[in-house]
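Okay, here's the structure, questions in a sec.
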């Protein structure tokens with residue numbers, strides 16, 4: 001009968017063998033069986049490492065990133081190569097084949113990709129903020145929000161200072177030639193007071209449902225009247241008449257404030273709002289699955305977006321001369337801020353490997369460059385921050401929506417450089433006071449910039465008014481703004497992700513205390529104690545029956 005007894009097999013835990021361990025084993029006499037066991041363990045560890053690196057999910061993520069980068073490169077190459085077939089007007093004459101209407105058809109698949117990402121913004125923001133704050137107490141969420149705001153405003157001010165230093169050193173407006181203003185260049189009117197009032201109007205919407213698709217905006221109309229002075233001379237007086245309107249687009253500020261307050265109250269009510277908490281957590285999981293599906297279409301959409309933008313350029317000569325120096329100045333500032341300042345802050349505060357962190361954010365950065373919209377990139381940013389860089393979801397789901405609205409490092413740098421560049425072109429000297437005003441105004445104006453393509457041109461008017469420059473001078477930089485917009489959006493998204501890591505590191509004690517508190521509450525819950533008692537009673541009854 002002993003043959004049918006179950007044999008006891010001792011499990012050997014995996015041993016990681018280093019070079020030192022191998023030298024010690026080689027110096028000691030060991031049996032052939034032990035030697036074979038060690039070699040088998042080393043082979044299994046190496047095999048597990050290779051399986052982990054070459055797993056199906058890892059290869060799929062890398063394939064998507066490679067495809068997205070390839071789409072950007074191919075879009076640039078194909079767009080430039082097709083410029084020889086572009087028609088100067090709307091008709092096909094002299095052998096040209098591609099009209100403006102055809103370019104809109106080429107851009108159409110890319111527009112669909114942006115629309116898909118924008119479709120996910122509303123459920124993503126609402127579910128992420130509420131589910132994150134529902135897991136925090138009011139004190140922890142307040143500290144976390146304060147740290148995020150200090151980081152965002154601090155890095156934005158640093159970015160504007162870097163831009164001012166570079167533009168005063170390179171002086172692109174003095175060294176370069178004159179700039180030809182494009183006939184289709186846009187200009188707008190704006191005042192600082194109207195922008196500030198619009199911020200407060202959007203913070204407190206009168207209808208939260210309407211805030212999901214409309215926001216407040218002040219439009220200025222010019223009124224010219226003939227005025228006769230007491231001495232009999234007549235002159236035209238121009239006045240700006242403000243009119244508050246509601247424009248299409250998500251009111252992100254209003255939704256942020258509503259969701260923050262809603263999430264804090266859910267966390268305070270605890271068991272009474274358990275169903276709400278579970279609902280928003282489930283909604284977030286569904287939205288993240290939709291994001292993963294949408295990203296499979298990303299390389300195709302980005303390819304057509306880039307190719308269409310290359311075809312829309314009027315003249316490649318726009319990138320030389322004075323505007324070329326201006327572009328070099330802005331790009332140099334963006335690279336200094338994005339590749340030196342932000343990674344240095346990340347390493348000094350958190351001791352995280354900056355290169356590894358950038359590699360984890362590569363998919364979001366390429367998407368930001370392709371779409372030129374930090375809001376449209378927000379779903380991808382969530383995925384990279386949480387899955388690849390392992391940021392606590394309670395931090396990322398609260399900090400990222402806030403950063404997509406408030407943090408505009410690249411925009412602040414761009415606006416500071418552009419304002420001083422225009423002043424140099426016009427020969428207007430700037431003293432130290434005006435330079436300080438430029439840095440502060442560009443920082444505040446960037447906060448009010450909507451996270452949509454080329455929104456910086458609108459807030460650029462505020463900086464020009466602060467320096468006493470006419471708002472029509474925005475037309476000067478219109479020709480190259482579309483390209484710079486993609487680079488500054490990439491820096492904005494990267495700055496948001498760095499903020500997540502820094503806020504998580506600074507809030508690690510609060511998060512650890514919350515984990516301990518939740519674990520203690522989980523152990524003391526009646527619905528967990530009662531099944532344990534029932535299981536214990538059942539075990540005792542079974543034991544007594546077997547004894548009998």
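Even glycines carry a Cβ here, placed using N, Cα and C.
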Among 180-201, 202-223, 224-245, 290-311, indicate the range for which TrEMBL gives the feature transmembrane segment.
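When 180-201, 202-223, 224-245, 290-311 are checked in TrEMBL, transmembrane segment belongs to 290-311.
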Can you say which of 26-52, 323-349 is given as transmembrane segment in TrEMBL?
323-349
Looking at the ranges 95-115, 116-136, which is given as transmembrane segment in TrEMBL?
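Within the set 95-115, 116-136, TrEMBL attaches transmembrane segment to 116-136.
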Go through 63-82, 290-311, 323-349 and flag the stretch with the largest number of C-beta pairs under 8 Å relative to the transmembrane segment (148-170).
323-349
Which bits of the chain, at least 6 residues beyond where the transmembrane segment (290-311) starts or stops, bring a Cβ under 8 A of a Cβ in it?
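Residues 64, 67-68, 70-72, 74-76, 78-80, 82-83, 86, 98, 103-104, 106-114, 116-117, 120, 124, 363, 366-367, 370-371, 379-380, 382-383, 482-483 contact the transmembrane segment (290-311) from elsewhere in the chain.
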